[in-house]
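Undergrad: Feature table excerpt (TrEMBL):
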- 149-484: domain 'Peptidase A1' (DOMAIN)
- D167: active site (ACT_SITE)
- D368: active site (ACT_SITE)
Amino acid sequence: MLLQLAISTTTTKTSTNTSTATTHHDNISKAKTKTTLYPDFQLLNVKQALTETKTRPIKPSQYQELFKTNPNDSESGGKQKLKLVHRDKVSFSNKLHNHSHVFHARMHRDVKRVASLIHRLSSGSAAKYEVEDFGSDVVSGMNQGSGEYFVRIGLGSPPRSQYMVIDSGSDIVWVQCKPCTQCYHQTDPLFDPADSASFMGVSCSSAVCDRVENAGCNSGRCRYEVSYGDGSYTKGTLALETLTFGRTVVRNVAIGCGHSNRGMFVGAAGLLGLGGGSMSFMGQLSGQTGNAFSYCLVSRGTNTNGFLEFGSEAMPVGAAWIPLVRNPRAPSFYYIRLLGLGVGDTRVPVSEDVFQLNELGSGGVVMDTGTAVTRFPTVAYEAFRNAFIEQTQNLPRASGVSIFDTCYNLFGFLSVRVPTVSFYFSGGPILTIPANNFLIPVDDAGTFCFAFAPSPSGLSILGNIQQEGIQISVDEANEFVGFGPNIC
């Protein structure tokens, strides 16, 4: 089985004056033989990538336009489709949009996100955090400012629209609530439980409260807290509330009503957890959605939207499926079995054991929408990077930038030839990554970097930059993850 993306190209001259290059992404397809069918190179459209760095984000007043529902695609064949927008597409400040500034801010968030994940998943750690007043300990993949993709949903009855961050590594749904003793800035008015006819507080004796580890109790109400090593947190009361997705209404969803919140996601009202735990949105609705969802993350500089769909009917026909790996120590996360890496027509000489999840729950490969840059253990990353450098000796090098140590000066180029980058998965699928998913601009002056980084632990993380443009489906019920067949 072969997954092909961005493999059809025409010859080009990397001239500063003219270019005859055209590139496009072929649909993901299955190979009928074991022969490697993808070419060993593809073209990176440098001019287009740099043009996209100059795209200014829209203002919050225009943000709602991004999420206007189209009756024709809001709900089709029992599938609920929601629009996804990258956070860089929206400006929540009056500062001049500068791609270098946005890039460094994103990498700063990403380093914190990865540190948080590694702390949670490290051997011997049960992801315990200190709590200030009631000893609650809810596991979440969220980290300060790490929210990358936004969705708009209705909260309460009548529904009040709120921007929420999606997080595939989080086990809770929460929103900032009145009265708020400490809240960060959000675009919409704070949610007021008093204005919702469906809001119902959860008692300490409730079975729902029992699902929150070490839940606290205050005046008979169940309390929750999500706290992190960097000082960010959300805490408040647990409640049952109605959520509205387009024309679909979902009642009695357990949410955190945060009365004290720090850091988090400026602009968004809260977080929609899509992890594998029982308190996540997916965990609570397993019977209604078949424990399945599908999403497509679009590139940061484009004018299109991604999507998020729930339900077993959202599972696409023609996808290439790989086994979903379970880690009892970290049920929130979706692990996949990566066997190796490829550059050009060469498989990188790295042992498959480097990517395996061991019996103690360490290592393995996690798919995470909240992490931007894919990380591999140092030994794998260095072999991968060296293979890429070996096949790009014709490109002018540049100094490293931020977390990237392999960069190129592509100023003046219209397009360049780069080797194909591939992931080899358990069961046979090979995913070839589009060029703009692994060689990205870090400023608007022509500096491009190899968008991977070493992991300080044995954990590998498949980040959202490498996931962009590829339809990804999670079928928890049958324990599979699918790639394709659609692109976006």
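Positions of Cβ are set from backbone N, Cα and C atoms, glycine also.
Heads up, TrEMBL stuff is auto-annotated, nobody curated it.
Give me the lay of the land around each of these features.
TA: Computed over the domain 'Peptidase A1' (149-484), the whole-number mean pLDDT of the model equals 90.
D167 (active site) counts 29 other C-beta atoms within 10 Å of its own C-beta, drawing on all protein chains shown.
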Undergrad: Express the distance between the Cα positions of D368 (active site) and D167 (active site) as a whole number of Å.
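TA: If we compare the Cα positions of D368 (active site) and D167 (active site), the gap is 8 Å.
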